[in-house]
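Engineer: Before I ask anything, here is the structure I am working with.
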Amino acid sequence: MTNPPPPEPPPGGWPPPGDPDGRPPRPTGDAGTVVGHAVTGVFLYWVVNVAVWFIVLNFVSQVASTTVVGITNAVVLAGIAFGVGGALVAEGTPRAKGLGIGLMVGWALTSVLSVGICTGLNPAIYGGL
(Lines of atoms letter the chains of each structure in order from A and count residues from 1; the text may use other names and numbers.)
(Lines give C-alpha, C1' and ligand atoms only; values in the text may rest on other atoms or scores of the structure.)
Protein backbone atom coordinates (compact mmCIF):
# COMPACT_ATOMS: atom_id res chain seq x y z
CA MET A 1 0.00 0.00 0.00
CA THR A 2 1.39 3.37 -0.95
CA ASN A 3 0.65 6.79 0.40
CA PRO A 4 -1.01 9.37 -1.82
CA PRO A 5 1.24 12.11 -3.16
CA PRO A 6 1.58 15.26 -1.03
CA PRO A 7 -0.77 18.14 -1.81
CA GLU A 8 0.30 20.86 -4.18
CA PRO A 9 1.89 23.93 -2.56
CA PRO A 10 -0.33 26.98 -2.24
CA PRO A 11 -0.34 29.41 -5.13
CA GLY A 12 2.29 32.09 -4.93
CA GLY A 13 4.92 29.77 -3.51
CA TRP A 14 5.92 28.86 -0.01
CA PRO A 15 6.39 30.49 2.52
CA PRO A 16 3.47 32.88 2.26
CA PRO A 17 4.24 36.56 1.75
CA GLY A 18 5.26 38.35 4.93
CA ASP A 19 6.59 35.21 6.61
CA PRO A 20 10.30 35.09 5.71
CA ASP A 21 11.35 32.07 7.80
CA GLY A 22 8.42 29.80 6.91
CA ARG A 23 7.13 29.44 10.46
CA PRO A 24 3.67 30.51 11.60
CA PRO A 25 3.54 33.81 13.47
CA ARG A 26 3.96 33.73 17.24
CA PRO A 27 0.77 34.04 19.26
CA THR A 28 0.28 37.31 21.05
CA GLY A 29 1.01 37.25 24.78
CA ASP A 30 -2.26 38.46 26.28
CA ALA A 31 -2.03 36.51 29.54
CA GLY A 32 -0.05 39.19 31.35
CA THR A 33 -2.49 41.87 30.24
CA VAL A 34 -5.48 39.87 31.47
CA VAL A 35 -3.87 39.08 34.84
CA GLY A 36 -2.71 42.65 35.38
CA HIS A 37 -6.12 44.08 34.63
CA ALA A 38 -7.78 41.43 36.80
CA VAL A 39 -5.74 42.63 39.78
CA THR A 40 -6.73 46.20 38.87
CA GLY A 41 -10.38 45.09 38.71
CA VAL A 42 -10.21 43.67 42.24
CA PHE A 43 -8.94 46.97 43.62
CA LEU A 44 -11.46 48.90 41.52
CA TYR A 45 -14.28 46.82 43.03
CA TRP A 46 -13.03 47.63 46.54
CA VAL A 47 -13.09 51.35 45.71
CA VAL A 48 -16.64 51.03 44.35
CA ASN A 49 -17.65 49.03 47.43
CA VAL A 50 -16.41 51.76 49.79
CA ALA A 51 -18.24 54.43 47.77
CA VAL A 52 -21.48 52.44 47.83
CA TRP A 53 -21.01 51.84 51.57
CA PHE A 54 -21.00 55.60 52.23
CA ILE A 55 -24.12 56.02 50.11
CA VAL A 56 -25.86 53.20 52.00
CA LEU A 57 -24.95 54.74 55.36
CA ASN A 58 -26.45 58.01 54.19
CA PHE A 59 -29.72 56.32 53.17
CA VAL A 60 -29.94 54.20 56.33
CA SER A 61 -29.95 57.33 58.46
CA GLN A 62 -32.85 58.75 56.43
CA VAL A 63 -35.00 55.67 55.78
CA ALA A 64 -37.11 53.80 58.31
CA SER A 65 -36.67 50.34 56.72
CA THR A 66 -33.05 49.25 56.75
CA THR A 67 -34.01 45.90 55.20
CA VAL A 68 -34.94 47.55 51.91
CA VAL A 69 -31.69 49.50 51.89
CA GLY A 70 -29.72 46.34 52.64
CA ILE A 71 -31.35 44.35 49.87
CA THR A 72 -30.86 47.23 47.45
CA ASN A 73 -27.20 47.43 48.47
CA ALA A 74 -26.67 43.72 47.82
CA VAL A 75 -28.40 43.89 44.42
CA VAL A 76 -26.47 47.01 43.34
CA LEU A 77 -23.08 45.58 44.34
CA ALA A 78 -23.77 42.23 42.68
CA GLY A 79 -25.09 44.05 39.61
CA ILE A 80 -21.94 46.14 39.37
CA ALA A 81 -19.69 43.12 39.80
CA PHE A 82 -21.49 40.65 37.55
CA GLY A 83 -23.39 42.96 35.19
CA VAL A 84 -20.54 45.30 34.36
CA GLY A 85 -17.95 42.54 34.78
CA GLY A 86 -19.85 40.17 32.50
CA ALA A 87 -20.30 42.88 29.87
CA LEU A 88 -16.57 43.60 29.95
CA VAL A 89 -15.72 39.91 29.59
CA ALA A 90 -18.14 39.64 26.66
CA GLU A 91 -16.42 42.56 24.93
CA GLY A 92 -13.50 40.26 24.20
CA THR A 93 -10.42 42.46 24.40
CA PRO A 94 -7.74 41.29 26.85
CA ARG A 95 -7.95 44.47 28.93
CA ALA A 96 -11.74 44.31 29.19
CA LYS A 97 -11.68 40.59 30.03
CA GLY A 98 -9.16 41.14 32.81
CA LEU A 99 -11.05 44.07 34.29
CA GLY A 100 -14.37 42.18 34.14
CA ILE A 101 -12.92 39.09 35.77
CA GLY A 102 -11.29 41.32 38.39
CA LEU A 103 -14.61 42.94 39.29
CA MET A 104 -16.21 39.53 39.78
CA VAL A 105 -13.25 38.18 41.76
CA GLY A 106 -13.27 41.37 43.85
CA TRP A 107 -16.93 40.81 44.75
CA ALA A 108 -16.20 37.18 45.69
CA LEU A 109 -13.12 38.05 47.77
CA THR A 110 -14.96 40.87 49.54
CA SER A 111 -17.88 38.54 50.29
CA VAL A 112 -15.65 35.81 51.69
CA LEU A 113 -13.23 38.01 53.63
CA SER A 114 -15.97 40.17 55.20
CA VAL A 115 -18.36 37.24 55.78
CA GLY A 116 -20.89 38.96 53.52
CA ILE A 117 -21.00 42.16 55.56
CA CYS A 118 -19.43 44.42 52.92
CA THR A 119 -21.44 43.02 50.01
CA GLY A 120 -24.84 42.90 51.70
CA LEU A 121 -25.03 39.12 51.79
CA ASN A 122 -25.22 39.01 55.59
CA PRO A 123 -28.69 40.34 56.48
CA ALA A 124 -28.00 40.29 60.23
CA ILE A 125 -25.98 43.50 59.98
CA TYR A 126 -28.98 45.54 58.84
CA GLY A 127 -30.92 44.83 62.01
CA GLY A 128 -28.42 46.76 64.12
CA LEU A 129 -28.13 49.87 61.97
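Going from the start of the chain as shown, residues are counted 1 onward.
Glycine is no exception: its Cβ is also placed from the backbone N, Cα and C atoms.
From a predicted model like this one, the values you see are computed outputs, not experimental measurements.
Grabbed the feature section from TrEMBL, which reads as follows:
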- 1-19: compositional bias 'Pro residues' (COMPBIAS)
- 1-31: region 'Disordered' (REGION)
- 34-56: transmembrane segment (TRANSMEM)
- 68-89: transmembrane segment (TRANSMEM)
- 101-126: transmembrane segment (TRANSMEM)
Engineer: Where else in the chain does the transmembrane segment (34-56) make close Cβ contacts, counting only residues six or more beyond its ends and a cut-off under 8 Å?
Structural biologist: 69-70, 73, 76-77, 80-81, 85, 94-107, 109-110, 118-119
Engineer: Give the nonlocal contacts of the transmembrane segment (101-126) in its own chain as ranges (CB under 8 Å, at least six residues past its ends).
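Structural biologist: Distal contacts: 34, 37-46, 49, 53, 66-67, 69-71, 73-75, 77-78, 80-82, 84-86, 88-89.
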Engineer: May I ask for the residues of the chain that lie six or more residues beyond the transmembrane segment (68-89) and have a Cβ under 8 Å from a Cβ within it?
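Structural biologist: Counting only partners 6 or more residues beyond its ends, the transmembrane segment (68-89) has Cβ contacts under 8 Å with 41, 45, 48-49, 52, 56, 59-60, 96-97, 99-104, 106-107, 119-121, 123, 125-126.
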